[in-house]
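Read through the structure below, which is laid out as structure tokens, and then see the notes.
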């Protein structure tokens with residue numbers, strides 16, 4: 001184990017040439033980032049998760065009820081022992097051959113069985129109220145941490161001149177404000193990583209999982225090798241658009257249509273301009289080129305920039321989704337109300353209903369049981385546009 005630790009913390013990987021870990025030990029005159037500082041993020045992540053649970057129950061839920069957001073979930077599928085057994089023991093997404101077999105066995109048409117499985121899957125999804133509470137928590141945190149980041153950065157020289165991120169590197173002292181900013185951000189993303197397995201399951205689960213891992217890795221890397229100055233710029237830039245995303249989703253759940261449309265447009269402009277404009281021109285320029293001129297490359301420098309470029313790929317993917325959502329919303333808006341978040345269910349939502357399937361005749365026409373008919377309660381029960389943490 002000792003040999004593995006020595007190999008992992010190899011100075012020639014983490015630090016520039018002729019710099020050692022001993023050079024970055026804390027002294028009475030200066031404090032530098034230490035890897036063991038990051039252990040604090042794990043218990044703090046648990047605390048943030050607990051604060052979230054209290055916030056959603058005590059603050060977000062009353063707000064949602066005040067906005068008349070219902071706690072009812074999607075419509076439940078009618079009880080059927082045969083289909084339930086297939087759903088729980090075999091598959092939640094039966095193929096065409098299995099659907100035809102079940103159709104003959106139950107004397108139901110295939111589309112009715114497809115609807116049953118769709119309703120049964122949606123039955124396990126949380127209600128609109130739960131989604132509102134989740135978005136309100138994220139909105140509150142992003143607003144707080146973004147405000148803190150702006151107030152902190154406007155007092156720093158590297159906000160106005162990014163070359164200051166590299167002058168005297170890596171002997172840049174760690175301030176209390178910078179340490180707090182890093183630990184809270186890292187703790188929040190750790191809590192997001194863990195809560196992905198308990199929150200609303202979305203189709204882009206893997207993409208978001210990769211995003212959280214890349215973000216956590218970037219925060220960890222930049223802290224350990226004292227690239228914290230440029231790290232604060234990256235974090236603050238990413239938090240800016242996430243506030244508007246969660247606000248748009250809350251407006252959507254509250255059925256404030258015009259407000260939702262306005263905030264979504266603002267979010268789209270901020271997201272695309274910051275992720276495809278400011279990020280490569282401001283952040284990647286200083287990490288790839290200015291740092292090369294001032295400090296020069298070393299192994300962890302390559303890894304750090306690889307992670308930043310990976311983040312840029314994700315930015316491009318999400319920007320494509322946002323443009324796609326906006327185009328669909330505009331095209332559909334010609335025939336009715338313009339609702340980008342409703343259109344976005346095709347790209348992001350885990351609810352799989354479509355309006356044309358609401359016309360399927362009820363099973364009671366073929367089966368002597370009290371089958372339920374009517375519009376699926378999950379229709380229009382949406383997750384909103386793609387979420388980048390969300391960063």
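For all residues, glycine too, the Cβ spot is worked out from N, Cα and C.
Here TrEMBL gives transmembrane segment for one range in the set 139-162, 235-258, 259-282: that range is 259-282. As annotated in TrEMBL, transmembrane segment covers the listed stretch 38-55 rather than the other ranges in 38-55, 56-73, 74-91.
Residue counts for the domain 'Homeobox' (83-127) under DSSP, helix first, then strand, then coil, are 32 helix, 0 strand, 13 coil.
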